[in-house]
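For reference, the structure is listed below as structure tokens.
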Amino acid sequence: MSEALSAAKKAEDGNKVAAFIRREIGRVTALASLVVIFTFFTIMRPVFASWANVSGGILMSTTVIGLMAIGVTFVIITGGIDLSVGTSMALVAVITGKTVMAMHLNVWSGILLGMLVGTILGAINGILITVLKLPPFIATLATMKGAQGLALIISDLKPILFTTDVKGWDSIAQGNIIPNFPNAVLILLVAAVVASIILNKTVLGRYTFAIGSNTEATKLSGVKVNRWLVAIYALCGLFVGLAAVVMTSRLGSAQPDLGLGYELEAIAAVIIGGTSLLGGKGTISGTIIGALIMSVLINGLRILELQQEWQYVVVGAVILLAVYGDNVRRRRAGETTH
Amino acid sequence: MSSAQLLSVSGVSKEFPGVKALNNVSFDLNEGEVHAIVGENGAGKSTLMKILSGIYKKDSGDITYKGSSVSIPNPFEAQKLGISIIHQELNLMPHLTVAENIFIGREDRFPGGVFLDNKKLVEAAVALLAELGLALNPNDIVGELTIAKQQMVEIAKAVSYRGSVIIMDEPTSSLTPAETDALFAIIRSLKAAGKGVVYISHRLEELEKITDRITVLRDGEYVQTLKTTETSIPEVISLMVGRKVAQDQRPENRVIGTEIVLRVEGLSDQHLLKDISFDLRKGEILGFAGLMGAGRTELARAIMGADPKTAGTITLHGNEVKIKQPSDAVAVGIGYLSEDRKRFGLLLNQDITFNVILSSIPRFSNKFGFLKVKSAAGIARDAIAQLRVRTPSERQFLKNLSGGNQQKVVIAKWLTRDCEVLIFDEPTRGIDVGAKDEIYRLLTKLAEEGKSIIMISSELPEVLRLSDRIAVMCDGRLTGIIDNKDADQNVIMELATKFSAGLTSVN
């Protein structure tokens, strides 16, 4: 009797492990790819693995795209898309820069302001999508162009320099609360943990998955889908605001023309990390791994002195491989792909 | 059992642009009662249910719930009142777990209202599933469950609102007989608990088993309410269609030639199909019967080359044909009409002409690749006349046609392609009683004109009525082929449950 029970228990455990692997295989393969790529570059050029390169080169360059990609992950899990994050970041940077310089705000107020402006821009996307019922692609394409223009107008086409009046703005990203560990990377890490908690432990996270899985059913279950969508796009904007703050801190200025194209890199990171463009599934850790894969590749190829043009081609191939691999896995698992 | 009135609808009307969907309809439901609403497609059942569940707003009329007049402006209000609905197209979030689906919108939260209390959520789900006697794991991902189990999740969700009225819209449409019995057991326990169930079904034979009263709607109008014990299925059908329909017909004794058109030998696939062999003769309708999951659709897809075969040959008029993909099958004249017309058979946002020529575009285009618009429209008009498609013109979009007329357009597509062998998978699924008759006549006529037809159907009366011979499948094997005159429902069910090693169906 007890033997049969323990056998059954063992079988159940076996099933659980199998189910876990099946469910997590996307992230496991992404992580494995990251390790393989990293090892490859380390063998080719040992300097690649030095802490100076890892922290100052790879991790630092992951921060801005990584923060954006965290926000975009929420949006993509709902089955939506946000094309505006790149130029919104520029607009947030410009508005924050102008205000901080004009009103002599301190660092903390500046950070909060950036996040607030980002949140508002995100909420505008959400309102366009839910109230005007525009498809997310169109709505955020429009706000992408709008933000691009406004950033240039407000800045009068000139970079806004954070002079020494604003004490410590540069240390937001470049300081070291933990020795030898850039603050920007710490911010990304904390943001990822917080985002992961929001996605997995809160009501907002649950509805993010529910909406992406079946919007109509979620609506019919009595969930006020439109309100939650606005909140989700606003949350995406909040991370974009944080990305803008980190960006300006790293550069010491707000560059009105910097940001266009970042949205696609952020989306690529999300997709490489195993989040489905069809909605309903995705993880923050996957996204971070995806962003790391991209910056490890670019950094490594640069160290190998591969021409920039070829770097693009390699990144393109990696995106193809990642998504194709995901498709094959899903077909094996018997899930339907559209 | 008490018979207090739970819900009463009187004089409800609803108009959509150009259509009077409901006209002065009345209906009531008592505690502990299962009340069926029946009617053909377009009779207004769904509209009425959507009004009761807050998806549509009524134009006029009154709804009384537990003695007081209520308005139901949205689904949320309906649930708060205690009216929940199980939708026909399952309304679940496939990526979420069973427990998450059941309590969506009402998650247990930690104080503060932001964080989810998953432990409590799972506990509540366990308790609810135990109460209903449902064998489900609350942590399973819903998308990985069978349709029947997903249906159980829907039921658990509906019950979890602790309302008094549960509306079930076609709950058995994708269940096996055993699963249907399990559902009926749950319904009976809901009855015993004093709940009222509104039951909508196309499967009229179920009504006798489970319902107390039957209300018939036709063309948006209330026809009559009958006590189940005092009526019969033929009476209900005649009220639904407004005329008598013969139910237990058999084909006239047609003489089928001996010429073999299609021969399948030793066909197997990776998962289910095992060593299947049969012949199809010229002018014959070969019915395929079997339980859900017996492998009939899989067989059709394997013949068409839509799924890979691991063994077996297909011969057409004595010549072996290699079919690796559906276009190979079409090229040798085998057409497949899927059970899921909307997904696999039709372009809903295109007009009839486009759909009719879809498989034969080379014939309707010139050497520069331009479409011959006139001859395409001509063939579409011919098809409309021949198949009696009810439409104002060949320019009508498919989404505006009824299910029966959509099916005729799919048939027209394959006739235009001049297929010799036609495989119909559930040809009358989702088609109302009146239009079914027409599809039956059409199939018979096609066979008489010399087409060879394989017809897969889960409705035994339909199989018995149309097929010259009946092939029965069970668990991926062909368990028998019988002549119509030797067949009845018992013989077929026996063959359909002939699981190997004497096992009966266990889930």
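Cβ coordinates come from backbone N, Cα and C, glycine included.
Feature annotations, reproduced from TrEMBL:
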TRANSMEM  A:25-44  transmembrane segment
TRANSMEM  A:64-95  transmembrane segment
TRANSMEM  A:107-132  transmembrane segment
TRANSMEM  A:184-204  transmembrane segment
TRANSMEM  A:225-247  transmembrane segment
TRANSMEM  A:259-279  transmembrane segment
TRANSMEM  A:286-304  transmembrane segment
TRANSMEM  A:310-328  transmembrane segment
Touch test for the transmembrane segment (A:259-279) and the transmembrane segment (A:286-304), at least 3 Cβ pairs under 8 Å: yes
Per Cβ pairs under 8 Å, the stretch of A:64-95, A:107-132, A:184-204, A:286-304, A:310-328 packing most closely against the transmembrane segment (A:225-247): A:107-132
Cβ-Cβ under 8 Å with the transmembrane segment (A:107-132): same-chain residues at least 6 beyond its ends: 71, 80, 82, 84, 88-89, 91-93, 95-96, 99-100, 139-140, 142-143, 147, 166-169, 172, 225-227, 229-245, 248
Proximity verdict for the transmembrane segment (A:64-95) and the transmembrane segment (A:184-204), three or more C-beta pairs under 8 Å: yes
Beyond the flanks of the transmembrane segment (A:25-44) by at least 6 residues, Cβ under 8 Å: 272-274, 283, 285-286, 289-290, 292-293, 296-297, 299-300, 303-304, 322, 325-326, 329
